[in-house]
């Protein structure tokens with residue numbers, strides 16, 4: 001409105017902010033000194049939004065001039081109008097659409113009130129189709145980028161109509177345009193279509209997420225200017241307001257991205273990650289091996305006994321011994337997080353591991369691993385989780401009937417420790433005391449652990465094979481002793497089902513993630529979590545420790561993967577690109593790369609240091625529940641609900657990556673058109689979905705799943 005604009009211009013002039021005044025005049029098309037002259041139509045009808053939010057310098061300066069004066073109309077930095085002091089005679093600037101301005105986490109009513117009506121409900125279809133026509137007629141190079149606006153605008157315009165109780169207009173708007181949206185938003189649109197009344201919006205989490213987290217679009221400056229000019233010429237305030245209020249447009253300088261480049265990165269619940277989100281330094285290197293005398297001359301990597309993760313040795317070339325004495329330049333400081341001391345039994349296990357490693361098969365395109373498949377028969381769809389110990393001696397299954405079953409897969413049977421009375425009779429000095437404490441009468445191939453009161457969704461062996469974790473629909477994580485086969489602790493922190501849990505490669509710490517959208521870091525001797533990692537917009541479906549134990553990756557139903565720093569709980573990477581909930585994660589043995597699998601049947605590969613997607617492996621036709629790198633990282637194995645195991649050439653996938661500064665800055669990633677030349681083999685089972693994969697210390701691939709009679 002003109003009066004407000006004039007008052008702001010006068011204020012800027014009085015404060016000697018000439019530059020801002022000029023910019024504002026240009027934006028509002030007020031030329032010459034004559035403020036009273038005829039005025040071209042002001043670009044936006046929500047006072048002050050274009051004036052300030054669209055002109056970063058003015059906002060910065062204006063905010064800097066009068067920090068001490070609480071802004072009457074909005075909170076600085078929120079995209080609300082910021083008016084720093086009140087010239088006489090100027091009514092207090094209203095916030096956007098009369099929105100209640102709230103700090104921090106908005107409560108439901110405040111969030112929804114931003115949908116107070118402003119435009120004419122009957123014109124919404126016209127607004128949207130006008131923009132659609134404009135975008136579809138723009139140059140190819142801009143069309144791909146601007147098409148990203150369709151979905152978030154569609155959702156917000158629909159919600160605005162519903163909130164203001166224009167139910168028939170909302171229905172007609174939805175029916176007319178929902179078919180135009182990208183196929184990967186179908187699930188979200190299904191939820192949206194059920195919100196047809198204002199009352200439905202109050203308790204709906206999806207709705208609230210969409211409202212409170214700004215949808216992020218990454219657009220080149222040229223495309224953005226084109227859009228802005230169009231909306232301002234058309235006086236299309238309704239859409240411009242939504243763009244200002246609900247979208248975060250991450251503008252970059254340079255060439256617009258192609259349709260393929262955009263498609264690779266979009267699809268998550270809140271758009272792409274802001275480029276800022278992936279800028280923090282990540283120490284992705286491995287920790288140095290502790291030194292102790294070994295009868296072999298190989299050195300070996302530290303994090304290794306991880307439950308089946310590939311944290312294993314570098315290729316045993318003659319230089320490895322010398323190499324491991326040097327600190328990896330990308331490794332975190334050794335004492336960055338406290339790690340447990342190595343016990344004698346751990347050192348013994350390392351020695352065994354090195355001996356095995358010396359006999360390891362070097363895998364590659366010419367030398368593929370043998371695959372040994374463990375099929376669970378008569379599980380009646382009840383198998384919900386599997387894990388295998390690092391030395392491949394035990395396998396555990398979590399079941400829908402709430403039991404946890406542990407099998408020995410070697411001729412050595414599972415035995416419990418003797419009772420206290422019997423233990424007191426043992427000669428503690430004898431050499432074979434560790435044998436003598438085991439009770440032969442308890443020896444069996446299978447032990448069943450009872451304690452959970454709901455399906456068991458995640459299991460994880462500790463690196464030293466003394467403990468087992470299980471997490472369940474009952475909201476608890478349980479720690480079991482593999483010496484006594486009894487439950488030692490129940491960790492209660494999640495109030496809802498816990499979908500995954502995993503031990504750190506060094507033991508002691510473990511992570512869990514669940515339906516409450518957060519992941520928690522625990523230590524076995526604390527009954528409260530040490531860290532809570534909050535940020536996902538939907539269930540945390542899978543969790544993984546980095547080989548150096550300083551970071552945790554979480555995959556979520558919001559279709560993003562986040563990397564968290566264990567030290568301070570910060571989110572240091574957000575990866576978007578999957579089109580469905582994430583169900584599997586695997587770090588490469590060298591700690592540089594992450595592979596992720598989801599319900600969209602794609603495996604995506606990420607460079608952790610640069611925060612970039614570097615590969616896409618297509619081939620599976622169903623959810624990927626298992627991913628594993630071979631011990632030296634030459635091969636990536638993926639297992640899916642489509643009853644196949646596929647082997648991919650990891651060396652080739654990660655070689656000669658283009659991670660120059662420009663790519664890192666703008667996200668112009670160039671994925672090879674065809675991932676088939678990376679596919680080394682596809683192995684079908686008769687009718688068994690693959691739920692777990694594990695490379696033994698000698699690089700034999702073990703796979704597991706439950707037979708399903710179609």
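Every residue number used here counts from 1 along the chain in the order it is shown.
Including glycine, each Cβ sits where the backbone N, Cα and C put it.
Automated prediction, rather than curation, is the source of TrEMBL annotations.
Here is what TrEMBL says about this protein:
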type	residues	note
REGION	61-82	region 'Disordered'
DOMAIN	119-247	domain 'TFIID subunit TAF5 NTD2'
COMPBIAS	294-305	compositional bias 'Acidic residues'
REGION	294-348	region 'Disordered'
COMPBIAS	317-328	compositional bias 'Basic and acidic residues'
REPEAT	376-417	repeat 'WD'
REPEAT	449-484	repeat 'WD'
REPEAT	491-522	repeat 'WD'
REPEAT	533-574	repeat 'WD'
REPEAT	575-608	repeat 'WD'
REPEAT	617-649	repeat 'WD'
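Residues of the domain 'TFIID subunit TAF5 NTD2' (119-247) grouped by DSSP class, helix first, strand second and coil last, total 101 helix, 7 strand, 21 coil. Within its own chain, the repeat 'WD' (575-608) is flanked in space by residues 184, 187, 264-268, 271-273, 278, 282, 284-286, 301, 309-312, 314, 330, 538-539, 541-548, 553-557, 559-563, 614-629, 631-633, 636, 638, 640, 642, 648, 650, 653-654, 657, 659, which lie at least six positions past its ends and keep a Cβ under 8 Å from the stretch. Counting same-chain residues at least six beyond the ends of the repeat 'WD' (376-417), those with a Cβ under 8 angstroms from any Cβ of the stretch are 304-308, 349, 352-353, 423, 437-440, 442-461, 463, 465, 468, 470, 472, 474, 480, 482-485, 691-692, 694, 696-697, 700, 702, 704-708.
In terms of DSSP helix, strand and coil, the repeat 'WD' (449-484) has 0 helix, 19 strand, 17 coil.
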